[in-house]
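In Swiss-Prot this protein carries:
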BINDING   T157, S158, N297, T298, Y299, G300, P301, T302, D389, K498  ATP binding site
BINDING   D202, V306, K498  D-alanine binding site
Amino acid sequence: MTTSIIERIDAWAEKTPDFPCYEYAGTRLSYKELKRQSDAFGSFLLNNLNTDKEKPIIVYGHMSPLMLIAFLGSIKSGRAYVPVDVSMPVERIEQIKKAADPSMFICTEELPSNLTITGCPVLSQEQLMDALEKHFDEVPDKAECVKNDDNYYIIYTSGSTGNPKGVQISQNNLVSFSNWILQDFSLRQGLRFLNQAPFSFDLSVMDLYPSLLSGGTLVPLDKTITANMKDLYREIPAQNFDVWVSTPSFADLCLLDENFNQENNPSLTRFLFCGEVLAKKTATELLDRFPDAVIYNTYGPTEATVAVTQVKVTRELIEAYPSLPLGVIKPDMRLHIVDQETGEILPEGEKGEIILIGASVSKGYLNEPEKTDQVFFDYKGYQAYHTGDSGIIKDGYLFFQGRLDFQIKLHGYRIELEDIENNLKKVSYIQNCAIIPKMKDEKVDMLVAQVIPTNHDFEKEYQLSAAIKNELKEFMPAYMIPRKWIYKTEFPLTMNGKIDRKALNSEVNK
């Protein structure tokens, strides 16, 4: 049982010093080097930062080993880290920087030329390397390290106002999650883990920390590989993965390659899925192609530390229900299905809101007390969270029944539809809009934008769409930009004058 994340990771530097903890783009980082360099960086921060430790450190980059060194160095200095990926638009990065009010902004990659960070110290990649060299062999005082209920990391998720919210995850939250994953999923020492998700997406926590805590090797597939199917299909068997952690959509992409099977990936014996609905079709095909593998379906919001339920997917389970269950709750958590209006706990078999209670639940949103109070609450002395997800319990299993609001999961990313709409309304060509998820195989396949445009001079609709997307890419992440565009002169309205989303949904999902 882990009680300290850092102590457990550092222990591998003694047990297996030369074993690779991270392999990326031809470089290998050993456990000994991870400890030495994160110690050096923690020492640098303690020597150079006099600000309140409540202020986190933003770590900007992609999948360089420097990201891990910066994460753990921040923790050793007593400060939480905020991962920010290079794929984020400048405006989003600026929003996160403003909301987080960090003590430092660390760059493991070069910043975009049109982004200027002010209001806090900025450490360039070159300065980071100099700091690691200057503080070589220095070891920070263990008493300074993040501990107990201190924030460990803060991940920013989509917010309904168009501004992201920072979910605070404590050392205790992460310890609870990690112990559960290592025990319930039987993750032994020395395994090779796939890292598909960028570190700014909390699915990455499901591979990053189980890998480091079990003395394994984390192997990321960065955006240059995942964006090119030929490269992706060539790289996967070459990496000899033991543990696969991804969204179901990423597995669907890989299943398009007929060579993605047990014969070509003999060591691949565990699939862990989170982030969106796992379709029965996907699970069945994986069982067919990987007869030696175990497949786990999991569920959980960022606010409850990645995942809180799990179930082993078997052919019997697939045949038993119309859709796959999300599983059973982890031992130190409780789950209730409640009536959204009255808050009354509902019996098994009745649909209502999923409420999560216990050790995995976040303390709330960073510097956002009002938003925190809207969804977090105390339940008999335990931290609890209104997920906004609709669920039902059958035979002891939790089943997902959709969102109670306008929030959806697309390719593992949690997205507020209002967030997209608010951003679309900034575009000069858009008068009004509504975002409708297009469903396929029990999950969101793509986003459809229904738009009432302003007056324009374009002859063809595709020209208008191109102009809109050109504006959007300046301030909205690519995964949030709708794939299909439908233009209207007016929207249907409900009796109380609101956009009739049910009618629009019926048009999209015929």
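Even glycines carry a Cβ here, placed using N, Cα and C.
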Open item on the list: Through the lens of DSSP with three states only, how would you label D389 (ATP binding site)?
Closed with: strand
- [ ] Measuring C-alpha to C-alpha, could you say which of the binding-site residues T157, N297, Y299, D389 are within 10 Å of V306 (D-alanine binding site)?
- [x] Y299
TODO: Quick one: among the binding-site residues D202, D389, which has the most Cβ atoms sitting within 10 Å of its own Cβ?
DONE: D202
Open item on the list: Taking only same-chain residues 6+ apart in sequence, whose CB is under 8 Å from that of N297 (ATP binding site), what do you get?
Closed with: F273, L278, A283, Q310, V311, V313, L324, P325, L326, G327
Task: Between D202 (D-alanine binding site) and D389 (ATP binding site): CA-CA distance (Å) - done: 18
Open item on the list: Validating a neighbour-count step here. Other CB atoms within 10 A of the CB of T157 (ATP binding site): how many?
Closed with: 21
Task: Where D202 (D-alanine binding site) falls in three-state DSSP terms - done: helix
Open item on the list: Between P301 (ATP binding site) and D202 (D-alanine binding site), how many Å separate their Cα atoms?
Closed with: 9
TODO: Enter the number of other CB atoms within 10 angstroms of the CB of V306 (D-alanine binding site).
DONE: 25
TODO: Could you tell me which of these binding-site residues, Y299, P301, has the greatest number of Cβ atoms within 10 Å of its own Cβ?
DONE: Y299
Task: In three-state DSSP terms, the structure that T157 (ATP binding site) belongs to - done: strand
